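*Asks:* Can you read through this structure? Questions will come right after.
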Amino acid sequence: MFCWYNDLIPILLIPRALLFISDTDQCLMDPTYRPSLIVSGSTGIGALPFAGSDLVLSPTQWSSHVVGKISSWIDLDSEDEMLRQDSEIALKQEIGWASHLSLQACLLPAPKGAACGNYARCVNQILQNLSNMQLWLRIPLEKSDDDTTDENMAGGEVDSWELWNSFRHLCESHSQLSIALDISCSLPSANSLGRWFGESVRAAILHTSSFLTNARGYPCLSKRHQKLLTMFFDHSIQIVVSGKPADNHPMGTLELGAKSTDNHVEVFSCMPMFGSSCYAGIQRHPLRSYLDYVGYLYQKMDPLPEQERFELAYRDFLQSPLQPLMDNLEAQTYETFEKDTVKYIQYQRAISKALLDRIPDEQASTVTTVLMVVGAGRGPLVRASLQAAEETGRKLRVYAVEKNPNAVVTLHVSS
């Protein structure tokens with residue numbers, strides 16, 4: 001089963017979070033298909049029961065506008081042997097088809113229970129042969145008792161982070177395995193929520209049942225849910241709205257996609273332009289009011305500071321260690337270092353305290369402290385040291401030692 005964007009929808013790309021619409025009715029795999037029901041030795045051509053071909057969309061649209069949704073009936077840890085076999089075959093077939101279409105990601109169904117060893121084994125096997133596609137494992141955001149330690153948890157209590165931790169270890173912490181969090185109306189403690197921001201969460205699926213109704217009859221979220229969504233936006237986590245719209249909520253202003261026969265729609269990261277004239281005559285989408293509210297929460301956020309905007313490209317990525325003793329660094333590399341203002345502020349504070357500790361006030365005008373900066377680069381530590389001397393009223397002589405002749409030019413100009 002796969003879901004995709006409506007290609008007729010104009011898209012507004014939001015820097016920190018994208019919203020897109022897709023209807024779960026639009027499937028590429030027949031939801032009634034089971035490999036065991038295919039009669040052995042039949043005279044058919046052997047084509048899989050996909051509802052369309054790869055010609056439905058262009059290759060660019062498949063790779064940039066579509067997220068695959070694997071069939072939810074799949075259960076590789078079922079006690080039913082036939083269901084386990086069918087699930088493994090279908091999972092590999094669906095991901096194989098998604099890989100053929102060059103999809104950016106596939107949404108895997110959540111494990112059906114705490115025992116998910118066979119599911120993880122099959123996913124790990126698939127990951128070893130996967131090219132660039134990401135697999136998003138659906139995990140419910142829940143923890144039964146936030147004050148209970150893992151060792152003392154009863155068998156019936158649930159900690160979904162432990163479920164994810166077990167699953168990803170069984171998949172050898174593969175870099176192409178990520179998380180899609182299912183957000184319900186109740187949230188665990190702040191400490192429990194905080195653990196997820198150290199994980200590779202790619203999407204947050206927000207159920208319509210999580211929404212409240214404000215005085216005007218429109219959907220809204222609790223303060224805790226609002227704060228959680230803001231944190232998701234800050235971490236570039238895509239927002240999904242899923243479920244049936246409440247009967248008492250207005251349907252919104254404009255249609256974002258095709259009608260859904262079962263009134264169940266999922267919204268994955270991409271938001272239509274507000275006020276676009278091309279919506280004339282288009283019917284209202286049942287989840288438009290929910291999407292408007294999510295867009296409102298995003299729009300009222302403060303813009304990212306310049307420092308954080310610069311660091312976005314480096315967030316959650318391991319950086320290759322530099323070799324400044326062997327290589328002469330480039331100006332752009334020095335620029336990156338120097339944008340870490342916290343480091344230089346702390347250096348300046350440390351030097352100020354050292355000067356005050358070494359030189360009493362009565363000797364401030366007579367005693368000169370000698371400071372050597374070894375590996376001065378373009379001079380940020382030199383400037384921090386001189387600024388510390390000026391703030392404390394102490395005399396300071398600085399020797400800057402640098403092996404990069406290109407950086408020495410900048411040091412001379414700055415002196």
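Backbone N, Cα and C atoms are what each Cβ position is placed from, and that goes for glycine too.
TrEMBL: automatically predicted annotations, no manual curation.
Annotated S-adenosyl-L-methionine binding site per TrEMBL: TYR334, LYS343, TYR344, GLU402, in sequence order. The feature domain 'PRMT5 TIM barrel' is assigned by TrEMBL to 48-300. What TrEMBL records for 306-412 is domain 'PRMT5 arginine-N-methyltransferase'. The feature signal peptide is assigned by TrEMBL to 1-19. As annotated by TrEMBL, site 'Critical for specifying symmetric addition of methyl groups' applies to PHE337.
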*Asks:* Run through the Cβ atoms and count how many others sit within 10 Å of the one on GLU402 (S-adenosyl-L-methionine binding site).
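*Replies:* Around the Cβ of GLU402 (S-adenosyl-L-methionine binding site), 19 other Cβ atoms lie within 10 Å.
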*Asks:* Just checking, which of TYR334, PHE337, TYR344 (recorded positions) has the fewest C-beta atoms within 10 Å of its C-beta?
*Replies:* PHE337
*Asks:* Let me know the largest Cα to Cα distance in Å among the S-adenosyl-L-methionine-binding residues TYR334, LYS343, TYR344, GLU402, as an integer.
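*Replies:* With TYR334, LYS343, TYR344, GLU402 as the binding residues for S-adenosyl-L-methionine, the largest Cα distance is 19 Å.
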*Asks:* Around LYS343 (S-adenosyl-L-methionine binding site), how many other CB atoms lie within 10 A of its CB?
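*Replies:* For LYS343 (S-adenosyl-L-methionine binding site), the count of other Cβ atoms within 10 Å is 14.
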*Asks:* Quick one: pull the CA-CA distance for PHE337 (site 'Critical for specifying symmetric addition of methyl groups') versus LYS343 (S-adenosyl-L-methionine binding site), whole Å only.
*Replies:* 9
